[in-house]
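*Asks:* Structure provided below as structure tokens; questions to follow.
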Ligand SMILES: NC(=O)N[C@@H](CC(=O)O)C(=O)O
Ligand SMILES: [Zn+2]
Ligand SMILES: [Zn+2]
């Protein structure tokens, strides 16, 4: 195993120091380190962050390997500065058995680019009818702790209650896609001024807020952990603020796109902007940014949702919802938050690692800590070219935009997965 000596790097924004990476851990930190056997990397101007952790990634394998595979999504993740991703269960077959989650986990190990932690489905086939084998998935080699029907809402309150009760035994968490299905029938975009003008059926904010309100009350009632996926409205923030003040064990995520883009993008009729929950208003964006700074929203999660060309380059109404996120998330975070490195490390690495219970991730680079880290060049700007992305899909909403920041290197347990901005395998 090669050792790496990173010279003059700022660890999470602190004054420059040297980091020696050896045998999978950060062996030493301090000024003026030497190590004759180590490969030296110049860290001048770079910031070292704990490897990013994505709590919400769609890898599409098994079933839609034309859109993404565990390997291609892992490569996209490493290039985005991630060392761990949680893979959503809406694959085909659905990840609702020990067999499927173990398969995804094994494919992640084989690719060896990030730790792939499978998420298990809450209900059989994501159909919302009966609980999946949560215990068997928790006991499997994949050690599943997060369960989600993402793509669908666990709409039945009794099933949601049972799921919350069930996962308590092993400190699991239910990650809810908060969407009251009766309020979003036929929905194409955010319900508001723009949808009225375009004549498209709207997805009202209350469809999200009503489910979050119900679920925080259920979580409080049973004393279980709830995680809310892709929070998108100002009203949801208020419900979460209230629940947290009451001591409910609820955590929440926001996506990069909901922090940056608004429903005005629908005026282009370009389905690259079609996503669930939909892009909202500038008022919502401002509330989400404030909630993220304050901690009412705990983390940034990408909801990386690759889709094949035929599912995106068609009429708006027929296009699948979702957009790419892994390779651009840190740049959007930098754009939105500025160089607040401690906040970025907290929202994109430490907190998601805690919520997911991922040992060895989410710890700042320091002696003895597993060497899961990423090096960022904050001064660099890059123009996003969809054809150059490592994802198998091309549905980025940031095409040809110039974004701040570039991932220079990523290490997974001391092995570089990215060097000089390129994947090592
Ligand atoms: N976000 C999306 O618009 N789509 C996701 C599902 C989901 O996250 O709800 C997908 O799997 O494509
Ligand atoms: Zn969802
Ligand atoms: Zn999703």
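Glycine too: its Cβ is placed from the backbone N, Cα and C atoms.
Just so you know, TrEMBL annotations never went through curation; they're auto-generated.
For 47-234, the entry in TrEMBL reads domain 'Dihydroorotase catalytic'. Residues annotated as Zn(2+) 1 binding site in TrEMBL: 56, 58, 150, 303. Residues or ranges marked as substrate binding site by TrEMBL: 58, 59, 60, 90, 276, 307, 321, 322. Annotation comment: TrEMBL describes 150, 177, 230 as Zn(2+) 2 binding site. The active site annotation in TrEMBL covers 303.
Please go over these features one by one and say how buried each is and what sits next to it.
*Replies:* Around the Cβ of residue 150 (Zn(2+) 1 binding site), 25 further Cβ atoms fall within 10 Å across all displayed protein chains. DSSP gives residue 150 (Zn(2+) 1 binding site) a coil state; it is part of no helix or strand.
Residue 322 (substrate binding site) has a Cβ environment of 23 other Cβ atoms inside 10 Å.
Cβ-based neighbour count (10 Å, all protein chains) for residue 230 (Zn(2+) 2 binding site) stands at 24. Under the three-state DSSP scheme, residue 230 (Zn(2+) 2 binding site) falls in the coil class.
For residue 303 (Zn(2+) 1 binding site), the count of additional Cβ atoms within 10 Å of its Cβ stands at 29 [all protein chains shown].
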*Asks:* Fill in the CA-CA distance, residue 230 (Zn(2+) 2 binding site) to residue 90 (substrate binding site), as an integer in Å.
*Replies:* 16
*Asks:* Calculate the per-residue pLDDT averaged over the domain 'Dihydroorotase catalytic' (47-234) and state the result as an integer.
*Replies:* 98
*Asks:* Does residue 321 (substrate binding site) have same-chain partners at least 6 apart in sequence with Cβ under 8 Å from its own Cβ, and which are they?
*Replies:* 274, 275, 276, 278, 305
*Asks:* Which ones are near residue 322 (substrate binding site): of the binding-site residues 56, 150, 177, which have a Cα within 10 Å?
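*Replies:* So far as Cα distances go, none of the binding-site residues lies within 10 Å of residue 322 (substrate binding site).
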*Asks:* Are there any residues in the same chain, six or more apart in sequence, whose C-beta is under 8 angstroms from the C-beta of residue 90 (substrate binding site), and if so which?
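*Replies:* Within the chain, residue 90 (substrate binding site) has Cβ neighbours under 8 Å at 58, 121, 126, 149, 150, 151, 152.
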*Asks:* Just to be sure I understand the packing, how many Cβ atoms besides its own are within 10 Å of the Cβ of residue 56 (Zn(2+) 1 binding site)?
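*Replies:* Around the Cβ of residue 56 (Zn(2+) 1 binding site), 28 other Cβ atoms lie within 10 Å.
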*Asks:* Where ligand 1 binds, which of the binding-site residues 56, 59, 60 are close by, with Cβ under 6 Å?
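*Replies:* Qualifying residues: none.
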